[in-house]
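What TrEMBL says about this one:
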- 4-143: domain 'Sodium/calcium exchanger membrane region' (DOMAIN)
- 35-62: transmembrane segment (TRANSMEM)
- 74-94: transmembrane segment (TRANSMEM)
- 100-118: transmembrane segment (TRANSMEM)
- 130-147: transmembrane segment (TRANSMEM)
- 172-190: transmembrane segment (TRANSMEM)
- 201-333: domain 'Sodium/calcium exchanger membrane region' (DOMAIN)
- 222-242: transmembrane segment (TRANSMEM)
- 254-279: transmembrane segment (TRANSMEM)
- 291-309: transmembrane segment (TRANSMEM)
- 321-339: transmembrane segment (TRANSMEM)
């Protein structure tokens with residue numbers, strides 16, 4: 001178990017380093033070949049913090065661990081709001097000026113409801129997965145068009161996020177090195193039977209082994225240790241951004257990454273082949289929902305942000321504490337349900 005935990009932690013470090021390298025390389029290449037700094041920054045706000053989850057999920061799916069990947073995608077959405085935003089607001093109040101975030105939050109809420117409805121039969125079909133992917137394309141096009149009407153201060157902050165060297169060779173190396181680190185990190189984080197790294201047996205490493213040792217199901221392993229682990233670099237970045245007064249970047253990452261997790265990662269998994277969703281019988285009733293408690297929790301956390309983006313556009317320290325307490329309560333609930 002100690003070896004598995006050590007390799008898991010090493011994998012998280014490699015994921016963080018690799019994700020940062022990919023972001024810098026992609027930003028430099030995009031601007032080198034004509035994409036504006038604002039458009040590049042908008043893409044990075046959506047995808048940058050989802051790279052660890054994406055890498056882990058691709059490796060998990062390739063090795064037949066679909067439930068772990070699904071748990072990671074859904075668990076990361078809860079962690080994005082409860083843990084990342086809560087910790088950032090505790091460090092410094094979050095002030096939001098980015099007007100497009102309010103409709104994007106609505107997309108997150110409606111997307112979560114859509115997954116609950118589409119998966120009511122226990123499966124997301126390929127067609128339903130494609131529908132989620134197309135929804136993301138439409139959402140991104142909307143965000144890009146809406147960006148032209150944002151204040152100059154917001155546009156400048158988004159553009160500044162993409163500022164980096166535009167030397168082609170340097171950025172190609174950054175991108176390739178980052179991709180290699182994300183791949184290696186993902187292998188170490190996931191682990192499990194049939195996995196190896198250049199001949200090194202990884203069957204007793206990573207989250208799969210840790211989950212079995214703790215008596216967790218694959219979905220719960222993805223929801224808790226994997227989702228929390230892959231979110232930690234985002235927490236550190238969000239806290240630093242909050243202290244610099246970059247509230248728009250913090251909220252943009254939280255909502256953008258959550259939309260990507262739901263529409264791109266879950267939708268992409270289904271589009272590649274019908275995705276089975278574990279069904280949860282709700283309480284004493286016979287009514288069942290796909291990933292019932294987990295998706296309902298993701299929906300509840302998203303709804304918590306609605307008064308913020310429709311009200312004073314500010315997440316106070318007290319609200320940050322509330323989000324952290326709510327997240328801790330959700331973890332306790334999941335562990336309690338797992339013990340039954």
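Placement of Cβ uses the backbone N, Cα and C atoms for every residue, glycine included.
Tallying C-beta pairs under 8 angstroms between the transmembrane segment (100-118) and each of 74-94, 130-147, 172-190, 291-309, 321-339 places 291-309 first. With a cut-off of 8 Å between Cβ atoms, the residues of this chain six or more beyond the transmembrane segment (74-94) that come close are 49-50, 53, 108, 112, 222-224, 226-228, 230-231, 234-235, 238-239, 241-243, 245, 247, 250-251, 253-254, 257-258, 261-262, 266, 291, 294-295, 297-298, 301-302, 304-305, 314-317, 319-324, 326-327, 330.
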